[in-house]
Structures are given as structure tokens and as C-alpha cells.
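S.K.: First the structure, which I've put down as C-alpha cells, then a few questions once you've had a look.
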Amino acid sequence: MKKKILLLGSGELGKEFVIAAQRLGQYVIAVDSYDDAPAMQVAHEKEIINMLDGNLLDQIIAKHKPDLIVPEIEAIKTERFYEYEKQGYQVVPSAKAANFTMNRKSIRDLAAKDLKLLTAKYAYASSIDELIKATEILGFPCVVKPLMSSSGKGQSVIQSREEISKAWEASQTKGRAGAAEIIVEEFIPFESEITLLTVTQKNGKTLFCPPIGHRQERGDYQESWQPAAISEVQLKEAQRMADAVTKELTGFGIWGVEFFLTEDKVYFSELSPRPHDTGMVTLAGTQNFNEFELHLRAILGIPILEITLERKGASAVILASTENKTPEISGLDIASGMSESDFRIFGKPITRPYRRMGVTLSYSTKGEEISSLRKRAVLLASKIKVD
């Protein structure tokens with residue numbers, strides 16, 4: 001069962017996916033907008049195109065005739081996926097899922113209005129005047145997000161009326177779609193955030209990974225740990241919501257479903273129809289299969305009987321602090337001296353401030369507390385420099 005996989009997006013998540021695919025004898029063509037992207041370094045072939053250009057996407061599909069089209073990022077002309085499905089191509093997890101999750105408006109309305117899931121109160125704004133009206137309804141603080149963005153780009157937390165103009169400007173210049181409509185959300189005073197990795201299968205039941213806790217800065221993942229502290233009642237509710245939304249979107253693969261937890265409530269936040277950055281903690285051997293192996297097996301139709309927690313783990317990101325076209329790596333010798341720890345350097349060809357260049361991992365089978373594992377992962381990340 002050797003499949004030709006066209007990977008659209010070739011970042012660090014794509015790289016680990018390709019490694020998983022190589023281990024099961026699959027053939028991968030890695031695509032991105034720049035050369036020497038991480039996944040290209042381990043794939044069989046590469047293509048460099050602007051994936052927001054539908055005509056270029058069509059050409060790549062016609063050239064390679066892949067068995068599977070696997071999106072890894074949001075910046076893709078996903079509207080073309082419907083046509084590819086009509087032509088007989090398998091889009092992962094489905095054309096519907098890729099299109100709905102590309103746009104926060106589509107997925108939020110689906111979750112809140114159609115599926116009646118609990119979410120933060122929200123409004124949309126297409127002008128600064130509409131943003132002002134939205135803040136008057138939702139109050140301060142509130143959160144502003146472009147409808148199309150990732151890794152916190154263009155997001156702001158508005159604390160007062162004086163910050164509205166700056167937040168509007170950021171939303172219009174840093175999102176994927178440029179000047180466009182935005183979503184404004186009430187700020188939920190949450191106790192924690194979790195990612196519930198959810199696996200939908202062609203040949204098996206829907207499975208849930210042990211919940212992953214995470215911490216963000218600038219709207220982007222900084223740390224994650226597994227398992228996260230969560231009550232049985234909250235876990236069941238999160239699983240119910242994740243099951244409902246993934247069933248509605250259809251398809252097979254792994255989904256990163258994010259939730260806010262308060263003392264007595266679980267709020268649906270966002271969803272990604274692919275491996276999730278916070279799920280890199282599974283590279284620490286926390287599960288019987290890491291998230292990339294799970295994604296691959298699900299899309300290939302290889303049955304996954306169960307997902308088990310093997311040990312506790314934590315991860316922390318290694319960020320660049322400067323812009324450099326010839327980055328240097330240092331500190332690996334120091335970092336390698338820490339027990340029950342590991343690291344991954346992604347191999348991105350260029351650095352810029354806050355760009356994620358690697359991840360550190362810590363783990364324990366001896367009952368070590370999550371707080372201790374988190375500290376070790378963060379300490380490890382501070383020792384490694386990629387600049």
C-alpha cells in the first residue's frame with residue numbers, strides 16, 4: 001500500500017509527518033512558497049509555488065496526480081479542493097473541513113449556531129466603526145482576530161477604547177487575507193487552555209488523545225504538556241464537542257481541537273484539521289503513537305485500536321531573536337547533558353525574531369510532576385540558540 005502524498009505546506013509539522021510517512025514506505029512531494037523548507041529536506045520531491053494561486057495548485061495536482069492531498073497550513077486556495085474531490089482525489093481530511101477551518105467565521109458559526117456548542121460571545125467587524133460597536137456590546141477586555149491567520153498573527157487583546165485603532169491596524173496588515181473582516185470575541189477569564197487531539201478513522205472509531213495543556217504568548221504556542229489537569233466531567237464534555245464538530249466537517253485524520261476551561265465550563269475555541277503545534281509534546285514518547293503517526297495511519301486507513309498514555313511529557317519552543325540568512329546553532333552540547341530530555345531543530349533556512357526554530361522535550365516515567373517537566377523543557381530551550 002504505497003501512496004503518493006502531496007503535502008501542501010512544508011514546515012516543522014510537515015517535516016515530522018514526512019518522517020512518519022517514510023517509515024511506512026510512502027512517497028511524499030513537499031510543497032511550499034520557499035525553498036529548503038523543513039519538510040522538503042526529508043521528502044522525495046519538492047515544489048515551490050504560491051499555494052494561494054489556484055492555477056498553480058491545479059498544475060501541481062495535474063503533474064503529480066497524488067493519491068492524497070494533505071494540507072499542513074492555512075495559506076492555500078482551499079476552494080479548489082472541492083473540484084479535486086469531484087475529480088476523484090482524496091483531500092485530507094476533506095474539502096469541507098479544509099475550507100471551514102480556513103476561516104474563523106465559518107467554523108465559529110458552525111460551532112455556535114449549527115451545533116450549539118458553548119463558545120465565547122462574538123461579533124464580526126468590517127470597519128473600525130463596526131469594531132467600536134462590537135466592543136460596546138462585548139465589553140473590555142476583548143479579543144480581535146483576523147478571520148484568516150495562524151500563530152497569533154494580527155491578534156490583539158483590547159483593554160480599553162484607546163487601543164481599538166492599534167488593534168484594527170494589526171488585524172488589517174498581519175492576517176492572511178490582508179484588509180478584511182475580523183472576529184471580535186469576549187475575553188474568557190479561563191483557568192487553562194487545552195488541545196484535544198481527535199482522530200477520526202475510516203476503519204475504526206473516533207479516538208481521543210490524553211488532553212494537552214498549553215501556554216501561549218502573542219497568540220502563539222510557547223509550551224505544552226501532557227496530560228493536562230482536567231476533571232472527568234470537563235473531559236467528557238470536550239470529547240463530546242470534538243466528536244460533534246469533526247463529524248460535521250467529515251473526513252479522516254487527526255484534528256487539534258482547542259478549548260478554554262473555566263471552573264465549571266468548557267468553551268470551544270478553535271480547530272485545526274491536521275497535526276497541531278501543541279501536539280509536538282507527543283514527540284517525547286508520551287503516547288503509543290505520536291500525533292504525526294496517528295495522522296498518517298488514519299488517512300491511509302490503517303486501523304488504530306487505541307491511544308494510550310505511555311509517560312508524562314512537556315515541550316518548549318526554541319525561538320530566534322534576530323534576522324539571519326545563515327543561522328548558527330549553539331548549545332546542543334550543553335542541552336544534551338540533561339537527563340530524560342531531547343530536542344528537535346527544524347532546519348528553517350532563515351531566522352527572524354520570534355520565529356520558531358526548534359522544540360525541546362522532557363519526559364518521565366517515574367512520577368515526576370508536570371510542573372517539573374515544564375521547567376526542564378523551558379530551561380533546555382534557554383540553552384539552545386538558533387540565530
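Glycine is no exception: its Cβ is also placed from the backbone N, Cα and C atoms.
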S.K.: Figure out which of E72, E74, E217 sits with E12, L13, D277, K348, R355, R356 in the N(1)-(5-phospho-beta-D-ribosyl)glycinamide site per Swiss-Prot.
M.R.: E72
S.K.: On a C-alpha basis, identify the one among E12, E72, D277, R356 that is nearest to E193 (ATP binding site); the candidates are the binding-site residues.
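M.R.: Nearest candidate: D277.
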S.K.: Provide, as an integer number of angstrom, the distance between the C-alpha atoms of G154 (ATP binding site) and R355 (N(1)-(5-phospho-beta-D-ribosyl)glycinamide binding site).
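M.R.: Here the two Cα atoms are 15 Å apart.
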S.K.: What subset of the binding-site residues S150, G152, E185, E258, E270 lies within 10 angstroms of R356 (N(1)-(5-phospho-beta-D-ribosyl)glycinamide binding site) at the C-alpha level?
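M.R.: Those near R356 (N(1)-(5-phospho-beta-D-ribosyl)glycinamide binding site) - Cα within 10 Å - do not exist; the answer is none.
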S.K.: List the Cα distance (Å, whole number) between S150 (ATP binding site) and D277 (N(1)-(5-phospho-beta-D-ribosyl)glycinamide binding site).
M.R.: 11
S.K.: Ranked by the number of other Cβ atoms within 10 Å of their own Cβ, which of the binding-site residues G152, G154 ranks first?
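M.R.: Of G152, G154, the one with the most crowded Cβ is G154.
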S.K.: How many Å separate the Cα atoms of E185 (ATP binding site) and E258 (Mg(2+) binding site)?
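M.R.: If we compare the Cα positions of E185 (ATP binding site) and E258 (Mg(2+) binding site), the gap is 15 Å.
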